[in-house]
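Data first, discussion second: the structure below is written as structure tokens.
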């Protein structure tokens, strides 16, 4: 019987490991799709601009122009020129992050109440609908609605996905590795989307890139329903009650991490909508050079993720230092961007920015989960909603504010300001240097385990702890 019991435990452990890997795949695909959808529209925008101009000139003449002007005025406000296409495109790109920013406090609380699987399914379903609307869109209003709807889906899918990884991978080294993989998929989605969209648009039409993404999103939904069964028997009585998001926001350590995540992403968010124009004006860049500006930066980003995961496993007490080093690299790289005179030179600081962002994100995202473990309750929806809010602040401001700063102050001043902000924020991460020495609080999960296991996952975790205690003895 003892042998049979050990065999069952071993099989159960393998089953849990297999499920964790499948969950990581589901979440990575969701994050990949979200970032693909965010950037795939870039090479297709000229097609939409041509279509809007044709609608205005041919469809109903003055009435169409008046309707379009009133829509622009309603969205952008009366202070903006009604026919300014750059501003319209900026607001279109920012609308996703703005709605995501507004919904995240609610989605984080919802995730803490119902768990991670149902919100992830909701997010994927909304993203699927958004992608279909993108494919069918014929005017600015429909495109704006699709973009905003994507923000709603992202607020649920991104936050619940990252939180689910933190919940399933409880060991710090495993958690860092799993979150690093997720970050690599985010980067890959953002960088591969423009060439993917451009090629499919050229050979198959502007609807096909969206329909392909919608199909992958639907498959991810079906895999989620198969692996996790979110509407099966749910042991709600065993669910922990998470710390309210407003209390997490005033935690000084979490606030420091959130500030770092916003600051380090500002250079990327502000350069994406402005650098192509600057390249064309100052270095006579060709269309292909502007199209692949960020593509080389994918490799140092993945390298940064890999190095940080390895270093965190060996020296976990230096997570704050990896983040601070990343911010210094971002600051120095941002300051050198305006000094570049050709495409080859420009690749170096852009790679530096993405390498630095990888260091910051990979070091600090697991730190958020650790802070919740030791200072609050081990439920991660709200804390990763705060992380998502931090990103959204940068990407909501970037498409709208960056062009205005360049127009008012200049491209050089924009980069110097962003670089200085990162340099000045880096020493603030010294406040996190003693975080790893904090002792884990007597969390509700520990209490549950001491009372006796109430589910397969807790049973296995209790067996692991018993094994660790025996080894120590």
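Any Cβ shown, glycine's included, is placed from N, Cα and C.
Note that TrEMBL annotation is computational and uncurated.
Sequence annotations record features per position, and here TrEMBL assigns domain 'Major facilitator superfamily (MFS) profile' to 23-473. Annotation source TrEMBL lists transmembrane segment at 21-41, 118-137, 178-196, 208-228, 248-271, 291-309, 321-340, 346-371, 383-406, 412-432.
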Cβ-Cβ under 8 Å with the transmembrane segment (248-271): same-chain residues at least 6 beyond its ends: 323, 326-327, 330, 333-334, 337, 350, 353-354, 356-357, 360-361, 364, 367-368, 371-372, 375-376, 382-383, 386-387, 389-391, 393-395, 397-399, 401-402, 405, 414-415, 418-419, 421-422, 425, 428-429, 431-432, 435
Other parts of the chain folded back onto the transmembrane segment (21-41), taken as Cβ under 8 Å at six or more residues beyond its ends: 96, 120, 123-124, 127, 130-131, 134, 150, 153-154, 157-158, 161-162, 164-165, 168, 178, 181-182, 185-194, 196-197, 209-210, 213, 216-217, 220, 223-224, 227-228
Leading stretch by Cβ pairs under 8 Å, where the reference is the transmembrane segment (412-432) and the options are 291-309, 321-340, 346-371: 321-340
Same-chain residues at least 6 beyond the ends of the transmembrane segment (178-196) whose Cβ lies under 8 Å from its Cβ atoms: 24, 27-29, 31-40, 42-43, 161-162, 165-166, 168-169, 209, 291-292, 294-295, 297-298, 301-302, 305-306, 308-309, 354, 358, 361-362, 365-366
Same-chain residue ranges lying at least 6 outside the transmembrane segment (383-406) that approach it to Cβ under 8 Å: 86-87, 89-94, 96-98, 100-101, 104-105, 107-109, 111, 154-155, 158-159, 162-163, 166, 245, 248-249, 254, 257-259, 261-262, 265-266, 268-274, 277-278, 365, 368-369, 371-372, 376, 413-414, 417
Long-range environment of the transmembrane segment (118-137) - Cβ separation under 8 angstroms, sequence gap at least 6: 26-27, 30, 33-34, 37, 41, 48, 107, 110-111, 143, 145-147, 149-150, 152-161, 164, 207, 210-211, 213-214, 217-218, 220-221, 224-225, 230-231, 381
